[in-house]
Amino acid sequence: MRRSRSQRWLFAVPAALSVLGLSVPLAALVGRALTQGTGHLVDPAIGAAVRLSLATSAISTLVVIALGTPLAYVMARYRFRGRGLVQLVIDLPIVLPPMVAGIGLLMAFGRQGLLGAPLSVLGISLPFTTVAVVMAQAFVAGPFFVRSATIGFAAVDRSVREAAAVEGATELEVFRKIEVPLAARPIGSGIVLAWARAVGEFGATIFFAGNREGVTQTMPLLIFVGFETEIEVAIALSVVLVAMSAVVLGVLRLLDRPGVVGH
């Protein structure tokens with residue numbers, strides 16, 4: 001027993017160091033924000049960045065839901081040639097450096113890009129606009145939703161779907177009335193994760209949308225500017241994002257509790 005207790009330190013010490021390593025920077029950030037007060041939160045630039053971040057992340061999340069839900073359903077239900085390649089394309093933005101995603105979007109939709117050149121002939125220019133912010137956010141956030149929703153759809157009991165089909169339900173009715181309700185928890189988790197990834201997006205946005213105040217300057221981009229020019233602004237906004245992240249984790253834990261819809 002004594003030997004077992006002594007060996008616990010082999011786990012307790014590294015665990016404590018890990019917790020300290022994670023908590024000290026956050027505590028230092030919040031502590032600095034409290035000492036400098038909340039005056040910087042009324043800065044017009046901060047208000048504009050917060051509004052733009054909330055608006056674009058909400059729109060990009062809706063886009064992800066609209067396009068990602070059918071994709072997740074297909075990936076969960078069907079086996080087809082090239083499925084592995086499609087899965088790779090879905091997962092790649094998760095591990096890609098965000099700057100690479102931004103350059104890719106610019107090469108595709110820039111004025112001389114693969115799709116941007118034809119669009120420019122029609123007078124449509126996407127880079128360095130608010131639309132570009134939404135596109136960048138959707139690109140990096142989409143895979144988080146698709147992966148979670150795919151897991152949810154794949155977990156739906158096949159016999160339930162087959163019983164509904166025997167009763168005369170169409171595939172669309174099965175999807176809407178059975179698949180989605182039973183997969184609600186993973187879908188909800190995917191929505192929260194996608195929104196969190198969108199609201200915190202930086203690299204792809206700055207390369208594809210630029211950093212124009214009131215147009216493309218979201219909270220992470222203003223933090224970048226504030227770090228170079230006015231650190232107090234960067235600290236204030238960083239604490240706002242920490243609070244948002246804490247809310248996201250709280251929602252995810254709530255969705256994971258027994259008794260929540262979809263369980």
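Even glycines carry a Cβ here, placed using N, Cα and C.
What TrEMBL says about a protein is an automatic prediction, not a curated fact.
According to TrEMBL, the domain 'ABC transmembrane type-1' annotation covers 50-252.
Annotation comment: TrEMBL describes 52-76 (among others) as transmembrane segment. Away from its own ends, the transmembrane segment (52-76) comes close to residues 83, 86-87, 90, 130, 133-135, 137-138, 141-142, 145-147, 149-154, 175, 179, 187, 190-191, 194-195, 198-199, 214-220 of its chain (Cβ-Cβ under 8 Å, at least six residues beyond either end).
Among the features that TrEMBL reports, transmembrane segment is placed at 88-109 (among others). For the transmembrane segment (88-109), the residues of the chain that approach it from at least six positions outside its boundaries are 71, 75, 115-116, 119, 126-127, 132, 135-136, 139-140, 142-144, 146-147, 201-208, judged by C-beta separation under 8 angstroms.
Per TrEMBL, transmembrane segment is recorded for 121-146 (among others).
According to TrEMBL, the transmembrane segment annotation covers 233-255 (among others). For the transmembrane segment (233-255), same-chain residues at least 6 beyond its ends with a Cβ under 8 Å from one of its own Cβ atoms are 26, 29-30, 32-33, 36, 38, 40-41, 43, 45-46, 49-50, 185, 188-189, 192-193, 195-196, 199-200, 219-220, 222-227, 262.
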